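Taken verbatim from TrEMBL:
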REGION    491-513  region 'Disordered'
TRANSMEM  25-47  transmembrane segment
TRANSMEM  67-89  transmembrane segment
TRANSMEM  101-121  transmembrane segment
TRANSMEM  214-231  transmembrane segment
TRANSMEM  252-273  transmembrane segment
TRANSMEM  285-312  transmembrane segment
TRANSMEM  319-340  transmembrane segment
TRANSMEM  360-385  transmembrane segment
TRANSMEM  397-429  transmembrane segment
Amino acid sequence: MGDPTAAAASCSKLRQIKRWLRKNLLLLVTVSGVFFGVVLGVGLRPLHLSPDAILLVSYPGELFMRLLKLMILPLVIASLIAGAASLNAKMNGRLAIRTMVYFLLTSLFNAALGVALALVMHPGDPETKRILGAGTEHREVNILDGFLDLGRNIFPDNLFQAAFQQAHTVYVPRQVYVRNGTENDTAIASVDIDILKANIRMVRDIQYREGTNTLGIIFFCLVFGTVLGTLGRKARVVVEFFSAVDEVIMKMVTGVMWLTPIGVSSVIAGKILSVENLGLVTVQLGWFIFTVVLGVLLYQLVFMQLIYLAIVRRNPFKFYCGLIQATLTAFATASTAAALPVTFRCMDQKVKVDSRVSRFVLPIGATVNMDGTALFVSIASVFIAQINEIPLGMGEYVTIALTSTAASIASASVPSAALVLMLIVLTAIDAPVQDVSLLFAVDWFVDRVRTTNNMLGDCYAAAVVEHLSSAELKSSPSHGAIVRNIGDKETQEHASATGNGHAGNGHILPLTRSDLKGSETSETAAMLEVVRIQEPAVHKK
């Protein structure tokens, strides 16, 4: 007979393995989906599939992306309003300041890291341009227009329009006519005046393009939620409504997550199949790709972990591993905004960050925090200068770092936005902007790599802000307690620092005698009011 102790230990280990597999099954099949997509795409390339066949391969991934994007708007609106309403205006202001300072410093650090890596690795070789040919990009952009558009989108003039359009500046040709003569306006009708046609000028014009104005919606929801939280009991029903919507969307996200393996493999395989001259481009731009990937991994695995360890003082790699599901989704979709529903789920269930902070930081970070973009833009700008044999001094390198940071903040959370931002940086250092098009062929991959940096930067920002705000969060319960004085029918807000109470209806209501000390309301009346609020109406028989 075998040792019963060994058999029991073996059964216990087996149960632990089964429990771990059950808990991480979705993650395992998602990782398998990524590898399967790569193998499928590389394996089908020799067949030279028709465009229709490639479309069919990538179609499930397209549907998966549409499902994720479908949930962004209701999730952002509900989570921001419910989260802002649970905190007072002063607390919301502190969270906003800490979040924006963190985003600004990390973006600047990534831009400087990109410049340093480009100098050390020197990915740009003049022979590359002779083989790939000259660029064809001739758009002109202005960093001033980017920041002005940022302000226009933060303060939209129509909230419903912001749900599907965002403002941007374009330059349109205008014909300027000049009168030849000195006649005044009253004489124009009776005197013939020679009209001279002047040169065509490019004039700024504010237009609207397709895409959700996430910044405008975030601003409105934060203000709406903050004011809603000041109304006390009168706003309880509204806060509960948005909290319920948030929970419903998160349950829907859980269902969509099971489609991740199919969607991820389809997206990756479709992208690999759609790239022309993959071998030639990879060989010629391989060192550039390696430099960008090295910078992303260096920041993720070293500097990001050191920041977390120094400030939060917890195991950073445990936090990092809890975000693998969201990282893979961001890699597949190449959009921080599209991965936002999955990121919320990981922050809530895996790494256990306070939902009030994550609901506040993540939507803002998905729009303005572009750590990976700043890193990529700085490396790519130095790369283009190197292939054109343009000497750069310390002033130009500082300009690249600062301009990359500013351009990354002004960018929108859409795929391949960094290529447009590069035009701003290249203009600042007088480099040929048309060579941006040389990177189009590899941006499908590099964009996905840097998007993981953007997404993880948002998550680590939420963890750091939560730690820095821990004292305020502890003294501010998830929802303000309400004690109603029945005698004089006045409503008083009670913020219990001890956290005692019940949050079932969206408010912390005092359930102990110590919570009622100092209140003019009698304990009996207050407790009766609590019961009346907490329990649903009972129908008489």
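Cβ coordinates are placed from backbone N, Cα and C, and glycine is handled just like the others.
TrEMBL annotations: computationally assigned, not manually curated.
No contact links the transmembrane segment (360-385) to the transmembrane segment (252-273), because fewer than 3 Cβ pairs that are 6 or more residues apart lie under 8 A.
Taking residue pairs at least 6 apart in sequence, the transmembrane segment (101-121) and the transmembrane segment (252-273) share fewer than three C-beta contacts under 8 angstroms. When Cβ-Cβ distances under 8 Å to the transmembrane segment (67-89) are tallied for each of 25-47, 101-121, 214-231, 319-340, the top count falls to 214-231. Using the rule of three or more Cβ pairs under 8 Å, pairs at least 6 apart in sequence, the transmembrane segment (285-312) is not in contact with the transmembrane segment (25-47). Sequence-distant contacts of the transmembrane segment (319-340) (same chain, six or more residues past either end, CB-CB distance under 8 Å): 26-27, 30-31, 34, 37, 61, 65, 68-69, 72, 75-76, 212, 214, 257, 260, 263-264, 267-268, 300-301, 304-305, 308, 346-347, 350-351, 362-363, 365-367, 413-416, 444, 447-449, 451-452, 454-456, 458-460, 463.
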